[in-house]
Structures are given as structure tokens and as C-alpha cells.
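Peer 1: This is the feature table in TrEMBL:
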- A:12-32: transmembrane segment (TRANSMEM)
- A:71-95: transmembrane segment (TRANSMEM)
- A:72-267: domain 'ABC transmembrane type-1' (DOMAIN)
- A:107-131: transmembrane segment (TRANSMEM)
- A:143-166: transmembrane segment (TRANSMEM)
- A:187-212: transmembrane segment (TRANSMEM)
- A:246-267: transmembrane segment (TRANSMEM)
Amino acid sequence: MTTTLNWKPALRHVFMILFSFLMVYPIVWWIGASLKDSTELSSPGIFPSVPQWENFTKGWNSVPGHTFTDFYLNTFGLEIMVLIATLLSCTLVAFGFARLDFPLKKFWFSILMLTLMMPGQVLIIPQYALFHQLGWVNTYLPFVVPHLLAGGAGGSFFVFLLIQFIRGVPKELDESAKIDGCSWFGIFWRVVMPLAFPAVVTVTIFCFLWNWDDFLGHLLYINTVDKYTVGLALRMINDSQSAAEWGQLLAMSLVSIIPATLVFIFLQKYFVDGIATTGIKG
Amino acid sequence: MNRSTTTLAQAAPSPKKSSYFKSRWNAPLAGYLFISPWLIGFLVLTAYPLFLSLYYSFTDYTLMQPMQWIGSRNYERIFTADPKFIQSAKVTVMYVLASVPLKLIAALLVAMVLSKAVKGIGFYRTAIYFPSLIGGSIGVSLLWRNIFGVDGIFNKLIAVFGIEGKSWITNPDTALGTLILLTVWQFGSTMVIFLAGLKQIPNDLYEASSVDGANKIVQFFRITLPMLSPILYFNLIMAVINAFQMFTSAFVITNGGPMNATYVYAMYLYERAFSRYELGYASALAWIMLVAIVAATLLISYTSKYWVFYETDTGGKKRK
């Protein structure tokens, strides 16, 4: 009896360990490969015989006239603007939907739910035409302005996530703040927002990640190398370099996933909460 | 003072009555102020562009010249004289039909194994989730291009088993497969959702059914699957919508090739609109995509009444 009881979990763990290894093997190999020279690159072994640190230094400077420092500064600058815009707009909108009653609220809420499923690619052409007429092409405005209007990459999702969270904050707190003479904005800012902090962190994380990976958007609106984001720079060295420099390309690609990885490591709790409570994938 | 009476009225057994004494809405103006960013964004950046692109699709709009109304000519050309449309639609449908079920099945199976493993669950979950965290990036697409190239490690690994390798990315028969594999590899986030869903299923359902003599397979089809079906349903729809729009990996790994074997619909849309600047024609393509996505979503929601189970349903059986 005891053997059958112990046998199954052990088997399950063996399976899970093998499976987890299979899942992360490409990434582990990637780390090793970024330090290999080109002759060694195609070996399935993880460790390079002699670590080629120059893959990183040469790769960092592989775009003529620029270094990856520029591209990271560009990307982080864009991200900061987008994050501030998103947090401002989405929290206000979510508070409105979660706490206030106004005419046609149900109607607008169902529209919000519909936009959650709206395929963004249907809108890129008219949006591009609009931003083109406004002279916003090759600026970061096509990313910042939609986020300021609770749109952009994942906007409706963030509003939805915040609504769900704010609904869980006890309404009695609003009531007592109201008695104390607090305005709606005061309730939003002093009562609800501090309590909605975990949801705000989740929104920040996903907004950061999705904008980091918004390759099509960057490709459309950013044309000159001095404004390039990391993704565009990677694509450029991918197109221009020969196979001999795979090591550098893999090294730079590896660096480009470090921000997401750090966010994940330090804020893991918020990830799982965010995914699980809304049922929407990350 | 006014506030406290409302609180009392809310606690009273007939809340309807209180609404006669109070305005129907507690903050009609403030409400619109709060949602105004979204409302303006929706009207200006979603609703208006949506109809604008419908209008464009009946014109010969390019960014350079004044546009002309050409009726349904764009659509006629797309459906009768555009082999690239047929090819990209075919590739996209194949990609959707392969990647979505594989991803969901992988997520469900691994979630079920993982939900039983108490020790080490955090470690496994992290390892499996991580690929989906970074999978959409250019970096991973470049990695994939290297792994499945002719000198890539994938060939070296299968050589151990005596299988002769080939260039998976430059072979028209296998190129799409490598992209599908990249998508399926990212099943971790879906798995986390399923894992949360599995935890919600009350254990006494399983206990009661095993008393009645149900085995594991019966339990899976009669308890696990029905209880998880609302989550499965929602994820199926979102996965289909996303799969239709697949762009980055096809653009970076294979650039639509070889021989258009990975020329997904979004790439065709991109090429028409932003390489050739035929925005009118591309808008027609975009609307066809929208109609296809809406049709797929409606089809799924139509079938959902046969397989999606809500706890409010009467009895323990699926609705017919």
C-alpha cells in the first residue's frame, strides 16, 4: 500500500523535472551560446570552452554611430512616458466604472469589454493615417497619447483589471470618507488608490512588458536609428550581419530580455495574482 | 447627514424604495469626468478609425494621392485575383488551427500534473511560465532562428537519436512548424490560469464521484473539464484572436518565407499598407480579417452552449 502511495508522486516529480528542463533548455543554452565563438556555436553543450566576453562588448557597439546604450535609453524613456500615461488614465477610468453611477454606464462597460477583444491590427491603418496627418510619425507620441487615453497596448485590459480589483475594496471606506467631506477625487486618490496598490503594480508590470515587445508598433512609427528601440536595433543587426556574428547577436538578444526577467524575479507575486484573478494571460 | 441616511436605507430590506428618494445616479457628471480619458480614446482611436478603415476599404487611398471611391473593387480583386491573399489566409488558418489547440492542451495537461504536485510547485511553475514571459520578444525570435537553422542545436540533438537534420527554417514543409512550436512553447501563462481554475474545483466532487466508482478518466470528463470549461472557453477565444494576428516571429524568423510558407495574414497586411502604401487595399484586407475573427468568435460562442458549463445550470449535467 505504502509503495503505491509513494510511487506516484515520485514519478510525477521525475516527469516535471524532465519537462521543466526541456522548457528552459533553450534559454540555458542561449546563455552559454552568447559566450561562444562561431565555430563552437552549434554544439548542444551549454558551456563555452573559452568564454568570449567580447561578444557582448562588440555586439553592444555593432550599430555604426550608435551603441546599445542609446537604444536602451530610448526604450526606457518611451516606457516611462507610457507607464505614467497608463497609470494616470487607467486608474481614473477604472475608479469611475467601479464606484460611480452615471447614465449609460452598463452600455459603456460592455463596450469596454468588447474593446478587450478588439484585434488591434484592424485599427493600425486608420490610426497610422491619423498620426501621419498630425505629423507624429517618428516621434513617441503614437505610443504615449493612446495610453494617456486608456488605450494602446493592453489599455482596456488594465482598466478591466483595476475595475475588478477596486470592486473588492470595501465601499464602507468611501462612505466614511464622504461623511468626512471628501470629494470623489479625494476618495479616489486618498482611499481607493492606496488600497489598489497591488493591482497598480500588476498593471505597471504588464504595461512595461507589452510595450517592450510591441515590435509592430515600433516598426511602424519609428523610422530613424537615433530613435530606435532595442527591438528595432536587434532586427537591424540581424538583417545586416552575416552568420559569422551569431554570437554577438545572441548576446545582444540575451541582454534584451534581462529587464523582463528582473521584473519577473522581483515582482513574481504580482504576476501570478494578476494572471489568476482576471483569467487573462500575460 | 445625507450620507448616513443613505447608508441606513441601503441596509433596509427594500433597497428599491430608497432609489425613489435619491437620484438614480450618484454622480452623473463626475462619472463621465472619470471615464472621459477612455471615452475619448474609444471614440477617437477605436470607433472612428474602425469606420474610417471601412470607408478606406472602398477607396484607392494611398498616403500620397487624394483618394477616390472605387466601390467594392478592392474586395473583388482580393477574392478573385490575389494569390497572396489566398496563400496568407491559408497559412494563418493552418497556424491558428494547429497552435491554439496544442497550446491549450499542453497547458491543461501540465496544469493537471502540476496541481497534484505539492512540493516544488513554485519551481516548476516558474520554469514553465518563464518562456511565455519572454517568448514574444525579438530576442527569442532570433534565438529560434539559430536553434532551428541548418547548423542549429536542434539538428545536433536529434542526430543523437540518428535522425538526419535539415534546415527547418528554410524548408517550406517545416518552417511553419517551427513557428507553431515557438507559440506552443509559451503555454505557461495559460497554464497558470488553468492551475488557478483547478484549485477552485471543490475536492468533495472528486471524493463523491470516487465513492460512486468513477475512475480518473471519467472524473476528468465529468468533473474537471466541465468545471474548467468557462476558463477554457475564455482562453480559447483570446488565443484565437491573438493567433490570427501573429506577426513578430514570422517577420523576424522566416520573413514570410520560404516560398511564402510562413507568410501570415498580418505580414501581408503590413506589406500592402506600409511597403506599398496601398492603404485602401490593405484596409479591405483588415476588414476581412476582422470579419474572420468575429466569425470565429461567434462560432466558438455558438458551440459553447454544448460544452461550457456554468454552476448556475440546473443539475450536474451539461446544458443541451
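The first residue you see is number 1, and the count goes up from there.
Glycine residues also receive a Cβ, built from the backbone N, Cα and C atoms like all the rest.
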Peer 1: Test of understanding: applying the rule of at least three C-beta pairs under 8 Å (pairs 6 or more apart in sequence), is the transmembrane segment (A:12-32) touching the transmembrane segment (A:187-212)?
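Peer 2: No, the transmembrane segment (A:187-212) does not contact the transmembrane segment (A:12-32).
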Peer 1: Where else in the chain does the transmembrane segment (A:143-166) make close Cβ contacts, counting only residues six or more beyond its ends and a cut-off under 8 Å?
Peer 2: 78, 81-82, 85-86, 88-91, 93-95, 97-99, 112-113, 115-116, 118, 120, 136, 192, 196, 198-200, 202-203, 206-207, 210-211, 214, 217, 221, 274, 277-278, 280
Peer 1: Ranking A:71-95, A:107-131, A:246-267 by the number of C-beta pairs under 8 Å to the transmembrane segment (A:12-32), which range is first?
Peer 2: A:246-267
Peer 1: Who are the chain neighbours of the transmembrane segment (A:71-95) in space, where the CB to CB distance is under 8 Å and they lie at least 6 residues beyond its ends?
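Peer 2: Same-chain residues near the transmembrane segment (A:71-95) but 6 or more away: 63, 140, 143-145, 147-150, 152, 155, 158-163, 165-166, 188, 192-193, 196, 200, 203-204, 207-208, 211-212, 227-233.
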